[in-house]
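Trainee: Just passing along the structure, written as structure tokens.
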Amino acid sequence: MMSGGPSDATHRKRRRRRGPKGSGVDGPSIPRAVTTNGAGPEEEEVVEGKAMELDAGMSAAEVGGVVGSHLSETRFDQCPVSPLSLKAIKDAGYEKMTQVQEATLPIILQGEDVLAKAKTGTGKTVAFLLPAIELLSTLPRSPSINLLVICPTRELANQVAAEARKLLKYHRSLGVQVVIGGTKLPQEQRSMQSNPCQILVATPGRLKDHLENTPGFSNRIKGVKVLVLDEADRLLDMGFRRDIEKIIAFIPKERQTLLFSATVPEEVRQISHIAMKRGYKFINTVKEGDEETHSQVSQMYMVAPLDLHFSILYNVLKKHIAEDADYKVIVFCTTAMVTKLVAEVLSQLKLNIREIHSRKSQSARTKVSDEFRKSKGLILVSSDVSARGVDYPDVTLVIQVGLPADREQYIHRLGRTGRKGKDGLGLLLLAPWETYFLNSVQDLSVSQAVVPTIDSSIQTGVKDALGRVETKSKESAYQAWLGYYNSNKAISRDKSRLVRLAEEFSQSMGLAIPPAIPKLILRKMGLNNVPGLRSV
């Protein structure tokens, strides 16, 4: 998120072996602002500023303790912002801007609409919050919502709100609230009524709920002066375009609009033309060839049959724990229910496990996320709620079990480690029939690792652990696994093969017969009447 001050802890080295480093991309690049009128050729304007050399997943909160290329030479006190904001920045220990902030802040402070291509966790949150707060501080106090920030996930929304509270420390007339799914709508309604805020951070679905169901909310949102779409590409990937268009229709046309996105595909361009004024600025803070991964991350993959995956995972984790006293591991799984199963198995094996996924309540997710952020000696088993836009410092190892949805998902998961100039490890564990995915990351220096020899004690331990896991968890994992791989075109093309692979997964959990699936769910998957699938 935001650049923080240095500390001794930031320079402490890991007590573990260092693997080979991945390939980095050399050569400077100048961030560019492109003035566009929404049609025809674009005229480029070079923005003064240094080349972007930030790590893809680095949080600005972590950047502060790093010397060298991660920070610009520009200090916040060189920026035309109010003494109250500067005081809050100083209190938080922030001195120099990240290079993303250096490239974008001056233009945003001028009131321009901006589409910024910026990697997640590079200080972009401050780049849109600080100028918006400067504008809001000049407005008469009112119950209207003046700054609306839309985020793709609850976790990211909470982080943006936390960053806003830091910057608002001395702006006592301004307040911030979060509205997200997973909390009770009436509770949020009461909170907004009793303590009207000027800054609202929201996920699209819950914001739409309030527009449709909260009395007076549509009037309050007519006071919006600044609209921010954070991680715009992910908002669109998650299917929120229609919701965003409805929300835009509710708020005033005379406003400043800021879109921050790690990638700028055509769909992001389209929404920018809808949301922003003609002549908006496009600022690219990602140097060519540097959209990918960290030079500090040693990337490896293993290929093994599904029935060995639990044993290999346990073996790798035990070795990593033995090698690094300050281990902090994230294990990414394909779905929420598979995440739950893996967490239960590893917990039965007496590892220090926390789990986080979309089936957990928001309060439980927040509690686990906060604990993992502050702790060491923990293993977080996660679905993709932790893949992007969530800041966990000092992650020593990221393991991805099973097929990532795509190259981008692989990269963003990997981006949880190798931060602050420290080394990181990434391991991708695939079944033989998943190896086609490696073609999409062959330019990322992912090397093959030897599958470890699994001794009988590990095999016995895993088998016993699986035996202690409730059958219901295995049934839910099987159904979710089948749904996930059925959505993959390369695998679902041959339904009989998909059924055989699902049976392999079922056997890997210790089930003699694949679980039966409700007929309605099979119909929704398009798998009704497929031979080999049991239904109820």
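Just so you know, glycine gets a Cβ as well, placed from its N, Cα and C.
Reproduced below are the annotations present in Swiss-Prot:
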REGION    1-44  region 'Disordered'
COMPBIAS  11-20  compositional bias 'Basic residues'
MOTIF     74-102  motif 'Q motif'
DOMAIN    105-282  domain 'Helicase ATP-binding'
BINDING   ALA118, LYS119, THR120, GLY121, THR122, GLY123, LYS124, THR125  ATP binding site
MOTIF     230-233  motif 'DEAD box'
DOMAIN    316-466  domain 'Helicase C-terminal'
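Describe the structural surroundings of these features, if you would.
Mentor: Regional average pLDDT for the domain 'Helicase ATP-binding' (105-282) in the model is 91.
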Trainee: Say we define neighbours as other CB atoms within 10 Å of the CB. Which of the binding-site residues THR122, THR125 has the fewest?
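Mentor: Among the binding-site residues THR122, THR125, the sparsest Cβ neighbourhood within 10 Å belongs to THR122.
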Trainee: For LYS124 (ATP binding site), which DSSP three-state class applies?
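Mentor: DSSP assigns LYS124 (ATP binding site) to helix.
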Trainee: Looking only at Cβ atoms, how many others are within 10 Å of the one on LYS124 (ATP binding site)?
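Mentor: There are 28 such Cβ atoms around LYS124 (ATP binding site).
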